[in-house]
Every structure is written in structure tokens, then in C-alpha cells.
């Protein structure tokens, strides 16, 4: 938690549940990434947190943007981004959304299938297109592999066809999965994509860009490698494969930029044992899986939790949300321990919750309003 | 799909994704349940669909209401329900929410722990309270077991204590899990609760109510037993255990009342094969797990899907939502087949989506607005 967030929570005691996010931390994360990978173009993954203050700060810092939907494209433009800085990175787009983005001046689009390429040729003629390749997601806490991407052979064919269809075959992309803690995933993926790059050059198509996706981790409960480790591995792999003839390197960080800038403040609604003398206490918070903490599905993302009783004796707990839904359990098997003194009415903080929280929140499950958001 | 919904979709072609729900079907479902279980008090589970037109129609029919949160309590009152007809059925409540409900005139509250009982004694003195017992959820497609309920011994102790604390020890409840397709689950649970009823009577506490929860199934892809089967099993178990001295029987149907009244109309965004010659086509809709179809998690609830090409040749498909999230996959292992002619831009309908859809929808994941709602 940044000192600014800590001070805000202490002084303002905002109603729970809420997110408090330190925009200066967004800036320092962005700067750290730019310093670590000075040759990369940073396209902030808007879906991680599309709040206006975040976008405006990043516009001021010269960031580009990766938008998942037309509403995100428009949010970037409204925050001051130029259309040339916005990539429409979802490989699944309605024709109407492609038309709207193209009309707004967006000229870079992702795809990973023949059908989508045809839509782009029709509704965004002349645009720069890049094809997403399916790569291994081993090492990622939130893997993405099955739904997106295509194999190298299909990508080759599609990139050849793109030029014939009046599009600009611009580059290739991959995604190693979100909260990726292994540098090897990037190295293997770069190797795979580099071969196709060469192969396509021999076939007369000069790609100019490699999009490494996002995935850089934030520290949650466990330590993660620093960004320098990823930067070194990436640049070694890139120069190893491309030498001095480096293509444009695009990265799409979301979690890394906003994750540790935000803290969710929540209230303990109930602490109880399901049956007498059960060693496990159940701790119910006023936010849960359907209130924004969707990434605790399968206990994938393990947030650190601080309480007013930290330092005192602890015991094992299960941690759940406030709804009547039996699936609204965050942690039951991840060996969480919380202070024995924890009780209803206590305020707790879930750290590094700046990414992938506010937007997942259900609009009103069980009647609960989405969490409030404070950008400071 | 009811004829009224079919006509509305054909004539209005409302923008997708949207829910169209036939309020008359809500009424006929309610009437069917009342006819099948004339001795039961029906407390509609508001969380299944809290839309004002649904609540108003049910108020007019004389329904009572099971509210999961204070906002749902207030929605019922605003729709015309009297406070005496509202049960605050979530066993996890903030003190402030209990106070607000009590101040509004609500006098029936659920609990399942000593801590919650203390909160009720302090903030809703004199109220009727009922304790939730943990029972088996076998047979349920959406089980709820681990998070709620306590064992018989703890419940006995808590009900004895309730009277001492100035509360009215009113009854016992259980929940056999949602979309429960086995009547045996109700029979076993009633037997368990009936023993405690007798036991507490011997200890001088005269309970007057048994709350059987909800769980009655809606027909999705597979056939389910009719409501008469459940009614017969329930009444046989009740009379078997209680003879003529039946306590008040409360049921809390949600899915059964609204599920098959609603249809989600969606657009196909993309149909493609991930790699060439893959037998599986991926079908991407403009609604997915984070747009309201949360109950497809783990492929638990299997909606029927109709398309404009029904009757033509079909092939195996995976079905996913429109977001960049790799977890936004509805069906990959459930052997769905859809017509080979299906293509981007086609409208499809997901049947029996009147329950547990609109409220789960994320407020703006990937920028997508929640689905529109039409109550007709």
C-alpha cells in the first residue's frame, strides 16, 4: 500500500467496499517499465482498469493503449489519446464495432482467424493487422490459452492473405497468460514467432512488429520476479533472433501498471465457525467474487490481506463474499491465516487490487452495488 | 420460449445482448407452484431476478419474499410488499443492514452462527429467527453446501439461546442446492430437521416453521422432474414426520418462478476454427460468463440455444463470450453442437435465462455494458 493510499484510508475512512488507487503509483510503474524496456512501445491494457484518471495520466506520459472493446477505444479517445495510439486488441469484434473504431481513426487491429480478417478487410480497409499466435501459458496464474490464437501455419497463410485483401500485414502477437511468473514463457514464444517472421519475409511479406502481450506480474501473496528479469530475458531473446534488425516491440501491460497502485478496503461482515470447535473460522467480507474479486476463481490470484490486528495470534480461515451464492468463496484451500481477534465490523485491506477488480464487479448481485472507486 | 417472447423478439428485434422476460409466465409458474404445494408459504428468492415488474406481479399474486440483502428488502417494499411478507434470508448481514431492515418493519431473519444471532438480538430485538442447517447438496447442479449452515447440535444450542436473548426462535431452514433434480435431497433434509424440531420441543422450545429453501429446477438442456414430483415427496416427508401437526412450510423458489420466463437474445460475433481443419468450431457470442451467464462456470448450467439455422446439419462447437478473458468460456466439454451454417451476425437465443443472469452481469468488463432488460 502506498503512503498516499494509507493516509487517505486513515483520514477519509471511505464507505466500504471501495477501491482507493494512487495515480502516482501508476505513473511510477509506467516509468519503471519504460526504463526497463526502453525499446518497447507500451500499450496499456485498458481492461485492467479503464478509469478516466488512469487513462488521462497515461496519456500524459505518452502511453499507447490496447482496447478490448469499442467502448474502451472510445474511452481512450475521450481521455485524450490519439487514434494512432490505440490498438483494438480483441480478436473477436462485431462488424459494427470495427466500423466505429475505424471511423474514429483507429488503424491497428488484432485477429486470429480467417473470418475476422475478412471483417477487417471489409470494415477497416487498409488497416495494420496483426495475428495472434497460440503459445504455451505455463507459469501463468491466470492462463488464457484455449480461447485465442492460432497456429503458425494458419497465421502464415492469413498474413499472406491479409496483403491480398488490402490490409497492411503489420505483425504478430502472442500472450503468455496473465500474472506470468516465468521468463521462459516469453523466450519460447519469441522464438516461435521469430521463425514465422523470417519465413514470411522469405515469402515477400515484411512484418514490422512483434506484440509480446502483457502478463508481467504484480506481487500478491507470493514474491514475483522483478521487471528487470523479464526485460533482460525478452531483449536477449529478441536480439538473439533478430540481431540489429529489431522490429517494433509492443507490450500490453495492465496488471503491472495498475495492480499495486490500488487497495480494496472492505468490512468484515461476520466471523464464525461453521460447527462448534471447527479449527477453521469463516470470514465473510462485504466484497467477494461477484463484487469484483473475480480473479479469486479457483483461488488463482491470492491477494494479501491486512487487518487492524496484524501481529497478533493468527488461525486458519476460509474467506468468502457476502452473497447468498455458494460459489462466492475466495479462499478455502490456500492456507490463509488471519488474526484470532478479527471480528465483524473490522476494516481490512486487500492489497494490489488496482487491476481487474472494478470492471468485473456485478451490477447488483444480491442487491449489492458495485464498489466505490477513489482515484487519488 | 413463450409465444409472447417469440413475438416480441421477431417484431422488435431489440439490440443484443438482452433479456426478454414474459411476466405472465412468472405468474403461471407461481400459480403452478401454489397449486402443487397449497400448504406452503412461497417466499420468492429475489436474487434470482429483482426486476420491479417481476416483484410487482408477485406482490399482486400474494407472494412473500426472501431477500438476500438490504437493497433487496427495500426493493420488495418499494414494489408494494408489506414488511411482514419479507424474510431477510442471508445468514451474513452487516449490523447496519439488520438495523435498516428492522426499522423498515421486517421481523423474520435467518442466521447460522452465534455471532450472527448476537447481532440479531442487538439490532432486531424480538424478531422471529430461523437457523440454517447444513444438509447434503447431492443432485444439485449449483451446490451451495460449504459456505452456509451449521450442524444439528450447534443449531439446537443456538435456538435455545435465541429465546434467552429476547428473540423468537421461529424455525429451521436448509437448502438442498440450486437446480436440484433429486427429490431425495428434500426427503433426507426434512428428516434431519424434523428430529431437531422434536428434540427442541422436548427442551421447551416450540418451533413453528420449516423453511425448505429453494432449488426447484428449471428445464435447461436436460429434462428435469416436474414440480408435482417434488411436491409429493415433500408433503409425504412432512406428514410422515409431523402427522397433522404440520408447522408452517416455507419455500423460497427463485429459478423455478422466473427461469423459463426469460430468454437472452444474443448475436454471434465470430465463428472460427482455432487451427485449420480442427473439427471444433469456436462460437463467440456478445454475452458470456462476465456478461451475466455466470452460472456456466464449470459448465454447471447448460442452457438450450436456438439459432436461425436449426434443423440443418450441425457440428461440435465450443461456446465463449466476447471478452479478452480466457476464463470467459461457457461450454467446451459439454458436447454442444450448433448448425454448420451459423455465422457472425446471426441472432441466437439462450432459453430459460430469466434467473440469475441480469444481476450477475459485470458493470463494464472490457467496456461492455450490461445486457438490456425487457419485461413484457
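Glycine too: its Cβ is placed from the backbone N, Cα and C atoms.
As given in TrEMBL:
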DOMAIN    B:24-258  domain 'Orn/DAP/Arg decarboxylase 2 N-terminal'
MOD_RES   B:47  N6-(pyridoxal phosphate)lysine
ACT_SITE  B:324  active site, proton donor
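Counting in whole angstrom, the residue listed as 'active site, proton donor' lies 28 from residue B:47 (N6-(pyridoxal phosphate)lysine) by their C-alpha atoms. In the three-state DSSP assignment, the secondary structure recorded for the residue listed as 'N6-(pyridoxal phosphate)lysine' is helix. Within 10 Å of the Cβ of the residue listed as 'N6-(pyridoxal phosphate)lysine' there are 27 other Cβ atoms, across all protein chains.
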